[in-house]
Amino acid sequence: MVKIQKTILSRVEGEIELKLIWEKGIIKDAFIIAPNFRGFEFILEGKPILDSLIITPRVCGICGHAHLMATVNALENLYKNAGYNIEISKKANLIRLITLSAEIVQNHLRWFYLFVFPDLLKLETYTEDLSEYIPIKGKQWQKAIDFSSKIVKVIAIFGGQWPHTSYSIPGGVVCDPTTFDITESISIVDSMIKYYEENIIGMKYENYLSIEDYKEFIEKSDKDLSKFLKLCFKHNLHKIGKAYNRFLTVSNIYPIFSQGATKRKKYNFNIKKLEEIDTYSFLTKKGIDFNGKKYSWAKAVRYEGFPYETGPLARRINNKDKLFLNLLADLKDTYIPRIWARIDEIIKLLLAMKKWLQEIDIKEPSYIKPKKNIKELEGIAYGLCEAARGSLIHKLEVKEGKIKKYDIITPSTWNLGPRCEKYLSPAEKAIIGLDNSLIAEMVLRSFDVCSVCTTH
Amino acid sequence: MKTLLWIQGLTCNGNTHSLLNAENPSFYDIFSKIKLLFHPAISSDEDLIKIIKDITQNKISLTFLVVEGSITKNKSFCRVGDFSIAEIIDQLKDKAEFIIAVGNCASFGNIPALYKENTNVVGLQYIFTEKKGLLPPNFKTKSGYPVINISGCPIHPAWFMQTILALYYEKPLILDAFNRPKEIYMYLPHDGCIRNEYFEWKEESEEFGHKEGCLFYNLGCKGPLTHAPCNKILWNRTSSKTRAGMPCLGCTEFNFPLRENYFETKKNIGIPEEVPLGVSKRAYITISGVAKSLRNERVKKKLEETD
Ligand code: SF4
Ligand code: SF4
């Protein structure tokens, strides 16, 4: 008997439906449906070029800053492709990295406590005392809100506000920070590090960073991450959610992110090997089509024809972080490493932020006006950025001072898009074979679901 | 206990995430006073479709219906289960004491309303400037208020929190011409901007990246033409666009996405096409001339070099 079950997922960004096909108590097939579509790429057509800086951040309320960075990167590449040198001061570069990192830290904290932890409460059915993690009432839940809101104050210091600033533009950044702006930002980062040590890892970060084996961490720590992992093992979650063991990262942020495509061995990322497939998407090259087997607004995206997982786990693997190479060897690309990678990234970003903040020389220019007016440029350019959920790619084509075409491939498209003729998306693959719908939802959430980005 | 239900149409979730940043009260403080029936990003066990049913059957009373995102009747572009967001609002509109549109999308349609393939994207009561949204122009909820618009792309969390709290304490709310709480939208981002001295003396920024200079004349700042208290109630309780050096985009106004070239000021023979609210072009020219003819030494220098 084949049974079809449809669930609307809460505790994700936006609207996602999970359609499960059951046979003899096992999930035989899974469809991730993104039912909403706003049409950002089409809305951008015909707009003045720089207006993309205002519009693309509004694709997503949680990673809008990454969209801004991808757009700036694309616009600066437009200059380069047209043969114009565009100069960015070291200061402007550092500030961009700092604000982008702040957004990612914010995202990971909210995702872990607001979206992921409540699932474990359900599994436990409250036998163990987990009251600290109960949504709204729980102390640790509340702290996650406080500290995720605190780190984005750094974006406000440099960019005026979060969400939805457009403070970064071709040539640099618009702000001109004072020494005191920088020392305040350092203090915020310091308090975040302390929060992370005391609440999440339960040890000094130096000790945590020297750990290369998961068992050692679980033994030594009794704070939130360790509690979470212990519960995962208790409920046999170390075997679920395996995807393709292929990992993609598109840009470098030394020393924490390094670009590459790993399938056993690591290769350089090459944008020419990427392809969008619309067989199962309502959105096709020839227009909108709701017929037949189509089921999502998202398109499938493939690299050398294969699905790749992107995001924090991919970044840890492509960066060859010891703990994660070991985790992969022990547990494969499953639920636990995928979740841990997101939490792990927080401290690496915070430490990098602190270093970058100290390196800013306020005497350098924030902005160096490009010599050529952007309205006189024509051509095609890509913008790459590592966002909270993984690799974000913008492609724009401009003509006669206007945007002719804009294409956005979000991290969620890589992970949660639909299938192609040959392969399921990584998240769909990770769900098949499970025997419990709550666990299926949990696997889906481990990819950090953002439907607003998936379809845009 | 008063109740609140949060639903979403076509949205980026930015208002939700902005709201999570709230201080005094914080997100969890307010929901110790008011029962949160459902929020798509927060709720864990609750079933939205069942809650809607219970409300329509008067089993649950609904105080605040909060809508984030633009509205469309077209299920192909936006769906909550088997319903369109318009159908859900239709079921709940006469049950809620108050309906609150959060953000420019729910208020005025905003960016999603520019998409040409889906011609039916609107705000709750407005589409851009016209009162032709989903609900009729004379629509009022049980409490006697029309849809209360908290505009902004996104909203500032305090704008939402203080509106909800005022209604919670049963204070009367004065609304402006676009049904926005007057006490929020009676200010301009220009009020309290740290660049005001430069505005006053017409010391205009020529390019980005400086603490000094006003962004109005060359760099597109809409601070003097926009209703929002961004330099009174600071963003993230820390700063604002114009303080950081970015022009105000006018993101709380109905025509926000209809504008173009946000980083430059449209001028006609040297005079900005739009002058500050409340001022005639003539008055603007006169006062600019006077200010420029007199000299303020302070605004001519880098701030670090001033006396
Ligand atoms: S920058 Fe904008 S808000 Fe600030 S003083 Fe100038 S016009 Fe007013
Ligand atoms: S300063 Fe202007 S653009 Fe920025 S939030 Fe306020 S009203 Fe919106």
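Backbone N, Cα and C define each Cβ position, glycine as well.
The shown structure was predicted, so the numbers you read here are calculated from the model rather than taken from an experiment.
The candidate list A:Ile95, A:Ile98, A:Ile403, A:Ile408 contains one residue that TrEMBL assigns to the Mg(2+) site with A:Glu41, A:His456, namely A:Ile408.
Separating the Cα atoms of A:Cys450 (Ni(2+) binding site) and A:Glu41 (Mg(2+) binding site) is a whole-number distance of 17 Å. The shortest Cα-Cα distance from A:Cys453 (Fe cation binding site) to any of the binding-site residues (A:Glu41, A:Cys60, A:Cys63, A:Ile408) is found for A:Cys60. When secondary structure is read from DSSP and collapsed to three states, A:Cys450 (Ni(2+) binding site) falls in the strand class. Candidate binding-site residues A:Glu41, A:Cys60, A:Cys63, A:Ile408, A:Cys453, A:His456 yield A:Cys60 as lying near chain B, with Cβ-Cβ distance under 8 angstroms. When Cα-Cα distances from A:Cys60 (Ni(2+) binding site) are compared across the binding-site residues A:Glu41, A:Ile408, A:His456, the shortest belongs to A:His456.
The record gives A:Glu41, A:Ile408, A:His456 for Mg(2+). Within 8 Å of the mean position of their Cβ atoms, the other Cβ atoms in that chain belong to A:Phe40, A:Leu44, A:Thr56, A:Val59, A:Tyr406, A:Asp407, A:Thr410. Listed in sequence order, A:Phe40, A:Glu41, A:Thr56, A:Val59, A:His67, A:Ala70, A:Leu392, A:Ile393, A:His394, A:Lys395, A:His456 are the same-chain residues at least 6 apart in sequence whose CB falls under 8 Å from the CB of A:Ile408 (Mg(2+) binding site). Contacts of A:Cys63 (Ni(2+) binding site) defined by a Cβ separation under 8 A and a same-chain sequence distance of 6+ are given as A:Glu103, A:Asn107, A:Ala387, A:Ala388, A:Arg389, A:Leu392, A:Cys450, A:Cys453, in order along the sequence. According to its DSSP assignment, A:Ile408 (Mg(2+) binding site) is in a strand. Using a 10 Å radius centred on the Cβ of A:Cys450 (Ni(2+) binding site) and all shown protein chains, the other Cβ atoms total 31.
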